[in-house]
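Copied over from TrEMBL, here are the features:
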TRANSMEM  32-54  transmembrane segment
TRANSMEM  90-111  transmembrane segment
DOMAIN    122-277  domain 'Phosphatidic acid phosphatase type 2/haloperoxidase'
TRANSMEM  123-142  transmembrane segment
TRANSMEM  203-219  transmembrane segment
TRANSMEM  231-253  transmembrane segment
TRANSMEM  259-280  transmembrane segment
REGION    313-378  region 'Disordered'
COMPBIAS  321-330  compositional bias 'Polar residues'
COMPBIAS  337-350  compositional bias 'Gly residues'
COMPBIAS  362-378  compositional bias 'Basic and acidic residues'
Amino acid sequence: MDPVNDGTRSGVEDSLALPNNPLRSRRFFLQWLKASVVDIVTMAILGAIALALFKAPPVTKRSFPLAHENGDNVYPQFAYPYRDQFIPNWAAALLAVGVPILGFAIIQIRLRSFWDFHNAMVGLLYSLLLASLFQLILKWAVGGLRPHFLATCRPDPSMAAERNSSGFNGVGYGGGFYNRDICTNPDKRSVTNELQSFPSGHSASYFAGFVFLSLYLNAKLKVFADYQPALWKLMLFHLPFVAATVCAGTLVIDDSHNWYDVLVGGILGTFVALTTYRIVFASLWDSRYNHIPLNRNTPLSYDADGGNGTVFTRRAGWGSGSTEKASDSSPVPVPGAGLGETPGADGCGPEGQRQQEQNGSPEREREGRKEHSSGEIV
């Protein structure tokens, strides 16, 4: 899903407002749908696979210890009492999805760039979908015991003899290892869930959404750029990561997961967020380009200066004079020309290079504006 580029000029504006003309709105939607249909179908297929994995029983037969002859638990870390999660599932989903969207929306109060918001939303969707799919694959293929597994399973060793078709009951050192065959809980789905602790899906989702938001804030606020930013910008950059860590940490406190489940889920979500941000924006850390939303059909000229068009901050010349709405600018923008704004507005592509030759590079303009922006807050 990306800015539509049909090779012709169009009336699609790089604004949060879609065209007012119904015919233009219909054409805009059809162009977008044509460019996005492959991604939509792919996401539907991946979603169906994820749902099938969620309902599928684990591949492996996980054994667990009960007690030695003296009654001591072999692994007491699986004997914790069951209790509800501190953050219920609906709240976890709301946090992982809603907080990043809220961050994008606040940034758009100043930017008002349709394609920037579009790419941010699409990247977030990619990140959450892939993180969910990958953690479900690991749960299905690897899995592990939750800290309150025994409390949910309610095992009865006397049932091992009559249910030992797998040959994994009453085996191991001291004959104290069994599998789910001796669980007396009639809710088979709950027992299956207790065997799929690794990795933490909630942790993967938190980090997939919040790390993506951190990268977006860094690009728009220019936290790591060519000037020294204010401390509050650095704090905002770190805040989503800290929030993800706190939310994921509650899963250890309420005994829903082991610490290593949460750690691996966080690593998985972070990696997915890094890769998905990079496919919808021009860079991860290069401050010249990491704010620019990419287009699938039109390559970005990395030889040119990145420009200031979709930057929230106004410090050190960033964002100055480059945030006019497309409806107020001329000529008519080409959808998908990198930002979906007026061609060359950000110094990219042949048109942008010609403008640089005539007017001077945006880098030199920023240098000339630094002394005038030193007293600004943002």
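Placement of Cβ uses the backbone N, Cα and C atoms for every residue, glycine included.
Ranked by number of Cβ pairs under 8 Å to the transmembrane segment (123-142), the listed stretches 32-54, 90-111, 203-219, 231-253, 259-280 are led by 259-280. By the Cβ criterion (distance under 8 Å, sequence gap of 6 or more), the transmembrane segment (90-111) is counted as touching the transmembrane segment (231-253), at least 3 such pairs being found. Most Cβ pairs under 8 Å to the transmembrane segment (231-253), among the stretches 32-54, 203-219, 259-280, belong to 203-219.
Averaged across the domain 'Phosphatidic acid phosphatase type 2/haloperoxidase' (122-277), the predicted model reaches a pLDDT of 91.
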